[in-house]
């Protein structure tokens with residue numbers, strides 16, 4: 001008998017349909033992954049099982065959990081189920097814990113609220129589960145507060161809370177999306193281990209097909225509130241029936257074709273650059289401490305070259321990006337573009353600044369909501385001594401918009417009229433409009449759904465052909481860096497630990513850190529290979 | 001548009017209209033004493049009755065609205081013109097000594113309740129409407145500086161500001177072009193709230209004799225006059241009080257309504 | 001924690017120093033010579049000089065400032081120009097009315113606002129919430145001194161439950177004193193309670209939207225349990241700020257309310273001092289009020305740290 005049986009589940013929120021006739025089941029000890037792009041309804045499916053839906057939600061159909069139909073249970077019975085029979089882990093570990101209560105307190109609460117044990121036994125159990133999720137007592141006493149822990153450690157606490165009463169079903173909603181790859185790998189291992197050890201069912205919600213492939217026994221692919229395809233993982237990956245599944249799979253592993261354009265002429269030279277941040281004083285008159293965010297970094301970027309910069313959060317890549325853009329002065333070393341320093345005499349060098357543009361990560365935050373597209377994308381004209389005016393200006397706007405696949409008349413619209421992918425195109429148009437010699441892509445595709453990401457990567461390859469771009473592509477996503485760059489730098493704790501031709505570094509990493517990164521990154525399996533291996537079995 | 005917005009706008013415009021009409025017409029001369037007709041209750045020839053000198057209360061309320069509105073409006077103006085640039089500057093130079101000085105200065109002014117500022121000013125320069133304006137205005141400066149800084153700081157974290165910096169724009173230009181338009185809604189809403197607080201503060205100051213001086217009519221002083229007569233002429237106290245409540249209530253509803261209409265995420269500081 | 005407290009204490013001292021300089025400077029620019037004012041226009045030059053020496057007006061400004069501050073630190077606030085009695089004694093007598101009034105009002109305001117705000121937040125959008133919000137909207141708009149007059153009209157003049165004003169003095173016993181301060185405290189507290197209840201409600205509603213509230217619900221807490229166990233303490237942080245600010249409003253408000261109820265507090269003292277240009281009294285009372293406000297803010301800062309472990313860690 002299955003542990004969770006969802007049949008014909010439909011959900012509407014304020015009469016707006018969200019889910020249509022979802023069927024899904026999970027057996028004890030089974031990992032079922034629900035995947036899909038944003039807006040597919042995968043998180044709502046998870047919240048429906050918890051019955052923690054937003055106000056105005058209405059469910060039809062049936063959700064049977066361990067033999068109990070939960071859709072018509074009173075709230076008190078639901079509370080008794082939550083935390084005891086079914087536990088949940090959320091996406092954002094940084095905000096999922098109450099900042100003013102200790103971790104021990106919060107783990108114990110799961111036990112005490114269900115009156116499952118005496119306070120003494122609850123404390124012992126809390127200690128035990130925290131040990132189990134990898135937070136040993138000597139470093140993580142129960143009296144720790146959440147702000148003293150890293151994101152990965154906090155996610156472990158959330159998992160400890162969810163499993164404290166050994167629930168039969170665990171729901172994990174994008175549990176590793178906010179984490180670095182190495183941490184992600186550890187958390188996924190932990191979840192797999194827990195499923196095996198306790199025989200729990202795990203409902204895992206994730207957008208990342210590579211994670212799904214390595215983790216799940218079965219997959220359900222969702223789009224627009226419907227399950228379009230479902231089946232055992234290997235089976236489904238070997239034989240994708242639905243065109244959407246195939247598109248999703250292809251977009252996830254999308255490879256682009258970069259034209260060869262490299263010259264031997266250095267454009268950007270970074271020499272022995274260090275950047276310190278002052279730390280708050282420890283005592284009133286103590287000498288303030290420093291944190292070295294970038295530590296003696298040197299590299300060169302040739303004209304026409306596409307260089308990648310990878311590293312996990314906090315490795316200093318954002319600081320380095322800001323330094324290259326001339327937004328912040330460095331403490332030592334020299335950054336030169338086209339032979340001239342980006343910072344001279346403690347001021348950013350405007351002559352150099354206009355040879356450089358940047359595309360940011362957040363398609364929603366990188367535009368002033370009160371300006372029209374024409375004003376938004378012409379902002380870099382401020383850097384020119386003699387910016388184009390009148391018809392020349394209109395022409396430049398049209399040219400930039402058309403280069404990124406938009407229409408000239410989009411110039412009169414406001415930014416909220418565009419989707420995330422279109423906004424990222426506009427961001428690229430803004431970077432192109434003054435025809436810079438170097439573009440920095442700062443996590444430029446990280447916030448996009450895979451299908452949109454594939455389109456933007458294609459656009460970049462196309463622009464490489466038509467505009468002969470030189471860029472520095474900064475990202476935490478190894479698979480994207482692998483396809484969109486010629487050469488790559490690997491950064492750890494402020495230092496470049498390895499650099500070389502992209503394919504070379506990925507297929508034969510030298511530095512142990514690079515090795516661990518590549519090992520930790522989940523890989524999309526090759527359907528051909530699965531088919532072949534299944535044939536052998 | 002919400003019910004709050006409509007009701008608030010209606011009440012506020014009623015008061016402003018009364019003040020404007022008073023320049024052209026009032027039922028009686030607001031300053032004309034008529035002892036035989038003193039302490040008339042509402043109804044009859046004097047719609048809202050007369051005071052202890054036989055003056056028409058309705059006319060005094062209309063003319064008094066001018067004082068209240070003028071004092072509160074100019075005080076908001078002072079607070080905005082000084083506070084907003086200070087807040088923008090502090091945010092643009094976050095963490096610098098300038099930010100520190102501005103914020104400490106704010107804290108210092110906050111340590112003086114508006115009435116205490118008024119007391120200091122009147123102790124030195126004597127009471128009067130202008131000094132009331134200055135006192136309330138000074139108190140408004142840190143209010144606007146603080147909320148502007150807070151809102152501006154979160155905007156400075158946004159990527160579109162970074163994009164403007166990459167385009168070579170300086171802090172002053174970014175503040176004017178990108179920050180100010182995006183905090184404008186917040187300032188309008190907070191301005192409405194400070195306006196209503198100004199009305200209350202002006203009434204309080206005139207009540208204790210630190211506000212507008214005779215013969216300028218003011219609601220606060222009408223209440224001070226009414227105090228000793230409250231047992232036998234309660235209308236003298238009731239009517240100016242209701243006028244204040246209607247005005248403040250109207251402005252508050254307008255502020256809340258504007259917030260919901262312009263941007264529900266705006267947080268207003270109300271103290 | 002200790003370092004945090006010391007740091008706040010240092011900032012408190014700095015604020016006090018700057019505030020004292022500002023107050024001294026403002027009073028200094030006041031036109032007119034207090035001695036001349038006291039003796040009238042026909043004063044002989046030598047009597048004037050003698051009085052100036054007696055009042056300490058003939059020494060340089062910096063020295064006068066230091067003498068004033070030094071005096072205050074040792075409890076000597078100088079001598080009233082008008083009454084020729086020690087200012088410290090005058091203030092102490094009045095303080096025993098004003099301070100209990102402000103604290104009484106603060107207690108009332110908090111006691112009303114907390115339940116009202118929590119009640120409204122727990123019933124968001126329901127009739128109970130609408131009723132509380134409507135009442136607070138009205139409460140915010142009511143001037144406290146007018147409300148005080150209405151209370152006098154109803155409870156003192158018509159119902160005769162309370163006296164219409166005056167204060168018997170604490171030597172007549174605790175109860176008569178509290179009885180006399182009750183109407184003034186209500187008049188002060190209700191409008192402030194309206195504001196505080198609104199802050200409490202909106203702060204709680206903000207917290208209800210936080211991720212950790214959903215986590216708590218996923219553990220099996222009911223909506224109400226989550227609100228009490230996880231919402232309240234987090235919601236308290238902005239509420240504390242407002243309580244701190246309210247104390248300064250209650251002190252200022254009590255100056256006005258004392259006028260309505262003829263209470264012999266600091267308000268009456270300061271208005272008498274202004275009308276007789278007794279600037280040294282004005283100066284000292286203002287400094288005292290500012291001291292009270294700054295100290296309360298210091299206590300609020302300490303309360304923050306008690307509520308929020310992140311502040312304890314950050315120094």
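Glycine is treated like the rest: Cβ placed from N, Cα and C.
Computed from a predicted structure; not experimentally measured.
For C:95-300, the entry in TrEMBL reads domain 'ABC transmembrane type-1'.
Under the heading transmembrane segment, TrEMBL lists C:101-122 (among others). Beyond the ends of the transmembrane segment (C:101-122), by six or more residues, the same chain brings 128-129, 132-133, 136, 178, 181-182, 184-186, 188-190, 192-201, 204-205, 208, 223-224, 227, 232, 243, 246-247, 250-251, 253-254, 257-258, 263, 265 to within a C-beta distance below 8 angstroms of the stretch.
Within its own chain, the transmembrane segment (C:134-157) is flanked in space by residues 116, 163-165, 183-184, 186-188, 190-191, 193-195, 197-198, 253, 256-257, 259-261, which lie at least six positions past its ends and keep a Cβ under 8 Å from the stretch. If you look up TrEMBL, you'll see C:134-157 (among others) marked as transmembrane segment.
Annotation comment: TrEMBL describes C:177-197 (among others) as transmembrane segment. Among residues of the same chain six or more beyond the transmembrane segment (C:177-197), those with a C-beta under 8 A of the stretch's C-beta atoms are 97, 100-102, 104-106, 108-110, 112-114, 116-117, 120, 132, 135-140, 142-145, 147-148, 151-152, 155-156, 162-163, 166-170, 239, 242-243, 246, 249-250, 253-254, 257-258, 260-261, 263.
The transmembrane segment annotation in TrEMBL covers C:235-257 (among others). Packing against the transmembrane segment (C:235-257) from elsewhere in the chain are residues 98, 101-102, 105-106, 109-110, 144-145, 148, 184, 187-189, 192, 195-196, 199-200, 203-204, 206-207, 263, 265-267, 270, 289, 292-293, 296-297, 299-300, 303-304, 307-308: each is 6 or more residues past its ends and has a CB under 8 Å from a CB in it.
Among the features that TrEMBL reports, transmembrane segment is placed at C:285-307 (among others).
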